[in-house]
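Heads up, the thing below is written out as structure tokens.
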Amino acid sequence: MSEPVQTPQTFTPRIFSGIQPSGGLTLGNYLGALKRFVEKQDEGIETIYCLVDMHAITVWQSPADLRRQTREGAAAFIAAGIDPKRSILFNQSQVSAHAELGWIFNCVARMGWMGRMTQWKDKAGKNSENASLGLFAYPALMAADILAYKATHVPVGEDQKQHLELTRDIAAKFNNDYGVNFFPITEPVIEGAATRVMSLRDGSKKMSKSDPSDQSRINLTDDADAIAAKIRKAKTDPEPLPDTLDGLKDRPEARNLVNIYAALAGLTPAAVVAEHAGAQFGTFKPRLAELAVSVLSPITTEMNRLMADPAEIDRILGEGSARAEAIARPILDEVYDIVGMVRSRQV
Ligand code: AQP
């Protein structure tokens, strides 16, 4: 182990998070992530948000789809309330520090750690021999996304908790191996009534943009009729809503709809159950659909308006990338010094 090259330091609070442009964004991405990102803009802490296009290609994306999904994702961020002046909004591949630090972290993370990631197991499944090496290394790149900015807080949905724990392990191992206090031990921020929105077809599965069934999710591009139809057909059970949350313990689909309602309305699930106690789903679902449409329709309309001018979206992402690079590059240069890379090129 080398001598410490950096004295202990405290870390300025900074928020980073990202979403993969691996499909259209869903209600799960909105409630678990995007809505939280917008709230964080008002907490007086620097906020950096990223369309993680390099993560998206860990599973096949056609180039045309990837470009469209990246721009559509950026439009969704802005339509949901991210202000590109107050937050840094960009796409990952335009800031090479992510890939460079990702490589360093590939050399810090252990194979055993990566093999235990449930997302790897779920996505690679029984066919792991055929999965990309990138899919296996995904969490090390995610750690790099966060730590390239020394981000201290990362708002995410519940499904990303394990990857955040791995980010903390990588930061701690790097600090320990090199005898530095260079990277913060990042805190996950998992808040709200819908930290894990479930599929509308199966209450045991997460709502996901890559689920083969479009009926399983609400897309941010769905119109009012599609939203209402999907909620009407959502799997439930024949019982009415109970008067306490305890009564939803073994009813995952019912619990999911209550959580969605609560998150959309800004209420707690307990308050929703108290308000709708005894209601049949024939009554509750149309109310939920009405609420979902009232929240999502303005976002969809604004996304469509923004998507009509892709050059403006590209301009915003370009500007955000330059601002992100200005933070990440000096941090990466310090990492290279700590690791022992000779850096003699004249700029
Ligand atoms: N169902 C969900 N409920 C709550 N939060 C969710 N998030 C995703 N799905 C839900 C949160 O959205 C952020 C971005 O996620 P991501 O796109 O980077 O990857 P993911 O978690 O793998 O999301 P998907 O939709 O399932 O994408 P695919 O299908 O491409 O893998 C994260 O904060 C995540 O927690």
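Even glycines carry a Cβ here, placed using N, Cα and C.
In TrEMBL, annotation is done automatically, which means it is predicted and not curated.
Residues annotated as ATP binding site in TrEMBL: Gln20, Pro21, Ser22, Gly28, Asn29, Gly157, Glu158, Asp159, Val197, Lys206, Met207, Ser208, Lys209, Ser210. Counting every protein chain shown, the Cβ of Asn29 (ATP binding site) has 25 other Cβ atoms within 10 Å.
For 21-29, the entry in TrEMBL reads motif ''HIGH' region'. Broken down with DSSP, the motif ''HIGH' region' (21-29) shows 3 helix, 1 strand, 5 coil.
Residues or ranges marked as L-tryptophan binding site by TrEMBL: Asp145. According to DSSP, Asp145 (L-tryptophan binding site) is assigned to a helical segment.
Remote same-chain partners of the motif ''KMSKS' region' (206-210), defined as residues 6 or more beyond its termini with a Cβ less than 8 Å from a stretch Cβ, comprise 20, 22-29, 59, 159, 196-200, 216-219. The motif ''KMSKS' region' annotation in TrEMBL covers 206-210.
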Rounded to the nearest Å - Cα separation of Gln20 (ATP binding site) and Asp145 (L-tryptophan binding site): 12
Composition by DSSP (helix, strand, coil) of residues within the motif ''KMSKS' region' (206-210): 0 helix, 1 strand, 4 coil
Alpha-carbon distance [Asp145 (L-tryptophan binding site); Val197 (ATP binding site)] in Å: 24
Cα-to-Cα gap, Ser22 (ATP binding site) vs Asp145 (L-tryptophan binding site), nearest whole Å: 17
Inter-residue C-alpha distance, Asn29 (ATP binding site) and Asp145 (L-tryptophan binding site) (nearest angstrom): 18
Rounded to the nearest Å - Cα separation of Met207 (ATP binding site) and Asp145 (L-tryptophan binding site): 24
Extent of the ATP binding site in Å [max Cα distance among Gln20, Pro21, Ser22, Gly28, Asn29, Gly157, Glu158, Asp159, Val197, Lys206, Met207, Ser208, Lys209, Ser210]: 19
